[in-house]
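Trainee: For reference, the structure I am asking about is given below.
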Amino acid sequence: MAGLGVLISNLISQGTSLLPTIRDSILAPSSSSSSSSHDSKLRAIEDDLERLMRTLKRIQATLRDAERREIRDESVQLWLTELREVAYAADDVLDEWHYEQLKAQVEARNASGGNSNKRKLIQIPDDMADQIKEIRSRFDEICKDHKALRLREEDGVRIPEGAKFPIPTGHLPHESNIFGRENEKEEVINRLLADCDKNNLMVLPIVGMGGLGKTTLAQLVYNDVRVSQQFDKQGWVWVFNDFDVTRLTKTILECVSGDGSNLTELSMLQGQLKTEVDGKSVFLVLDDVWNDQNSLWQSLMAPLISAKRVSILVTTRNESVALVVQTVPFFKLGTLPDEQCWQIFQHYALGGFLNIERSNLEELGRKIMNKCRGLPLAVKSIASLLRYENEERWEEILQSEIWEAYPNSEAFAALRISYMQLPEHLKSCLLFCSMFPKGFFYQAGRLIDQWVAQDYVVLRSRMSIEEVGMEYVKELWQRSFLQVAYNQTYKIHDVVHDLLRLISRGAHRDIHVNSPLNITDKICNHLFVDGHSDLIDRHFLPKQLAMLRTLILSFPSKKVPLNVSYLSYVQQLRILEISFGDVSYLLDVDSVNPMGQMKHLRCLVLYRCYIDLESRWRCYIDLEPIWQLLNLRFLVINNCKLKELPKEFGNLANLISLYLICCGINSLPESFSLLNNLEILYIDDPSFEKLPENIGKLVSLRELCLVSCQLQVVPDSLCKLSNLKILTIVSLYTFYRNWRITKLPEAIGNISSLQKLVISSHINHLPPSFSKIYNYCRSIKLDCVVVGKNDGLGWLKDFGSLQGTLCFERLKNFNNLGEVGQKFLVGMHLLKELVIGWNTNCSTIQPALKDRENLLCVCKLGAMPAEEMSLSVLESLQPHANLKQLALSEYPGNMLPAWMGDPLVCASLQTINIYYCINLSSLSFGNLFSLKNFGLSGCKGLSSLHEGSLPSQLEKLDIDMCDNLVSMPVLLRLLSLVELKISRCPKLRSFVMETDGDANYWLPPASCSIKIWDCPLLK
C-alpha cells in the first residue's frame, strides 16, 4: 500500500487536467472528415476517462482509510498489489497522452517559428482508446470486490487515536540489567539540575529514533536519588500519539496527588492540578510524545504555572516536537558503542556469559550484532530470538537479512510505528531511498530530483519544487529516519533500511556481483545495479521489469561493455542513471533507438559514459535521440565526451535543470532559448566559451552557474532574467592563459530577484547600476574588481549599501585616489569587515576570506608603487563606526592613521589583525574599549608593547614572529584576558617592567589560557 495513495492522487490530477484539453479539442471548429473521426475517438476517450476518474476517487477514499491501518492480511495485500499494477498501467497511458500533447505543441511551434497559436490535431496512438477502456474495466473489476475495497474492520490493525500499542511505559525499567548510557545519564541529570533553579518551567527533550533507548535513559534519570531529592513531586506519563489534554492532565494530577480522580471536565482537572502543585517543585517525564501542536502543549502546561518550579523530561522521535516544547536545547541521543551492544547481546543470547559449549559463537555473535549498527532494541530483539538456536541457524542469520527471518521482532515493531505515523507522501519518499544499498549516502539535491521525477513532491504556493523537496528531507530528518552524514548528505540506519525493504515487498531492490541468485515473481519498480552488466538478466524475468520506474546502473570503469538488451522492455522508466557504461546501443538511432522510445523518462544521468569500448574516450557521444524525450525534467551529463548538443535541444520543453560537466562543448544550440521551464543551468567545462545572446528568454531560470569556463562576455539579455536568484561565474585560470570576464552588463543591477551573486574574475568596470544589487541581494562575492590605471576610489561612494567584507589588494599601486582628504568608506554603515593588503592577495593572509557570505575585493595592477603616499592612502579608508573587524597586511609605514586609535571612529571594532608591517614601531589602540581580539604577526619593527598599546578589556591576544620584540608591559593592564598565545619571538626576555629600579611582575588572570612556544629567552 506504501506509495499507492500518492500514485492514485497523481492519476486523478492527471486525468482531471486532461479532460478540459480533450473537451477543447472536440469543440474546436474543423471541417475535415479526418478531424471528425478524430473527435469521435476523443469523445470515447472522454467518456472512459470520466468513468475512470469516478472509480479512482472511490479507491482514493478507501486508501485514505487504509492509511490508518497496518495491513497484515495476505489477501488484502494481494488486492493492493493488483491495484498498484493497474495504477501503474494507467499512469503510463495518461503520461503517453501528455507526451502526445507536448509533441503536438512542439511540432506546431517549430512549424511556425515559435509564434503560432494554431490548433494542431493530437495524434492519438491507435491503441490508446482501447488501453484506457481496458484499464477502466480492470479498475471496475477491482471495485466489484466490495469487501476488499471497503477494508472491513478485521482487515488490518487500525491505528486509532489512543491506540493500545506499543506497550505503555512506566518509571520502572523492564530489565534489571541496563548496559551503557552512564555518560548520557550524567549529562541529562547535570542539565536538569543546573537549570532547574533558573527557570520556573524547564523542558528538556531527549530526541532519537525508535529503539535507541530514550525511555530507558529517562527511567535511569527518573530513579536517580539526586533527582528525587530536588523535587517535592514526581510523575511519569506515557503519551504516545494520543495527546488528549484532558487525559494527560488527569494522569499528571493522579501522579502528583497519589489519588485517583473522578473528575472528567478539563477545567475542573486543571483547577485541582493547579492547587495541588501550588508552591511545590515538580519533576515530570512525558514519554513518547508525538504532538507538535503548540496550542495543545500550552493547554497542558497552563495549570503548572502555580508551581515553584517544574522540570519536564520529554522523550520523542521527532525533532519538530522537541523544538515546540523545549525551553533549553534538546539532547540528541546517539547509538550505543559496540562493547555495550555486545554486553546486551551476550546477556540475552548467551545468558550473560560464554560457556565452553558455546564459546565458538562469540565471533558469529559479534558479526550479527554489528548488523544492528548500535541500535540497542535491535540487539536485544535479535539476541533474544537466537538464544535457543543452534550454530547452524546463527550462520544462516549472519548470511541473510536478519529481519526477513524475524519480521515481527520488537525492534521492527517500534520502528514500524514511526513509519505508520508518516504522511503518505513522506512514506513514498522514504521507501524510494530503500532501493539503494545499505550505507549509501544520499545527496539532498539529487534525491529531491528523483522524488520529483516520480511525482512524489507536491508543489506548494510561493515555494519552488526544490524548496518543497528540502522540506521533505528536513521532516524525515526531524523524524529520525534520515541521519546527517555531512554537508547536505544523509544516510539511513541499517535496521530502518531493513524495515523499508520488508514494507516494500520487493518493489525496491538493489543487486550487486555477490547478490544471491533469487528470481521471484515479485514485480520490481525501482532497481539499483552495482556490478556487471548482465546482472539484470540473471536476476529478473522480463515481466518483472515491465513496470520498472527507476533504473540506476553503476559499472566498474574497466568492465565489459554495457549489455543493454533489456532496455527494449523497460520503456516505462522515469529515471535512468548510468555510470561507467558503453552507451552505444542506448543511443543508436539507426537500429531500435531505445532512448528515443523512453517517452516517460523524466530524469537522465550519464556519468563517465562512452561509445565503443576499444576507442573508449576518443569517440564522441551523439545525443541526437535525446530531443525526443519531451517529458525530461532533469538532465546531468558528467565527464562524457560530447561534440555538441542536438540542434533540436529546445524541444525539451519540460526540462527543469541541466548540468553539463566536463563534456567538451563550447556553446549551446540556438534553440536553447525555447526552454521556458528551465530553472537551473550549471556548466563546469573548460571548453565552454559562449552563452546564447538570447539567454534572457529563459523566463523561469533562477540559478545560473558557470565554473571554469572560457567565457569572456556576459550577454546583455541576461539582465532580463527576472526570476534569477543565484548567479555564479568563476573564470578559468591555467598556466598558459587566463580567460576572464572583464565587464558586466550595464543593467545588471536591474535583476531585482537576485539573492546570491558570486563572480571570480578580473572585472575592470562596475556599471553604475551594480550598487543597487546591495539593496536586495543577501550574498555578494565579487573577486575581484581591477581599478584602471588612472582611476581612484571615488566610485566607492556609490556603494553605501555595501555589507559584509571589503578587501583591498595591492593597495600600494593606488597612486591616484581622487580628491585629497576624501573619506571613501564612511557612508558604508553596513560594512562589518575591512581587509587591507598592501602587496599580496589578502586571501593568502586570511584564507577564511573565501568563505565570507558577502565580499567585495578591489585590486589595482601595474601602477608604480607610491610608498610616500602610504599614510594618506590609509587615512582615506576611514570606515563607518559600525565596523567590527579590521585586518592590515604589509603596510610599509612606521605609524598608523589617527582613525585607527580613535574610539569614536572605531566604536564597534572588536577584532584587529596586523600582518607583516615590518616598519611599524608602535601601537596606539589603548582607547578602543570595544576591542576584544588582537593579533600581531611578522612585525619586526616593534621592540615593546607599552601599556597604552592595547585596551584593558582585551580578551584574546596572539603574538607571532615579532623578531625584535623584547618586552610586553601592556600585559599588566590586561585584566580581562582569557587567551594568550605567543610564538616565535626569539628576543622576548620577560614580562617584567622596570621603573626606577623596581620590577612589576605580571600575574595572569586565573581563567586565562596561556600557550607560549619557540621563545628561547623568555623567563
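Placement of Cβ uses the backbone N, Cα and C atoms for every residue, glycine included.
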Trainee: Among 42-69, 126-153, 742-769, indicate the range for which TrEMBL gives the feature coiled coil.
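Mentor: That would be 42-69, per the coiled coil entry in TrEMBL.
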Trainee: Within the domain 'Disease resistance R13L4/SHOC-2-like LRR' (590-730) only, compute the mean pLDDT.
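Mentor: Mean per-residue confidence for the domain 'Disease resistance R13L4/SHOC-2-like LRR' (590-730): 86 out of 100.
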Trainee: Between the domain 'Disease resistance protein winged helix' (435-499) and the stretches 182-349, 590-730, 794-938, work out which stretch tops the count of Cβ pairs under 8 Å.
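Mentor: Ranking 182-349, 590-730, 794-938 by Cβ pairs under 8 Å to the domain 'Disease resistance protein winged helix' (435-499) puts 182-349 first.
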Trainee: With DSSP helix as H/G/I and strand as E/B, how many residues of the domain 'Disease resistance R13L4/SHOC-2-like LRR' (590-730) fall in helix, strand and coil?
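Mentor: The domain 'Disease resistance R13L4/SHOC-2-like LRR' (590-730) comes out at 24 helix, 37 strand, 80 coil.
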Trainee: So how many of the residues in the domain 'R13L1/DRL21-like LRR repeat region' (794-938) end up helix, strand or coil by DSSP?
Mentor: 30 helix, 35 strand, 80 coil
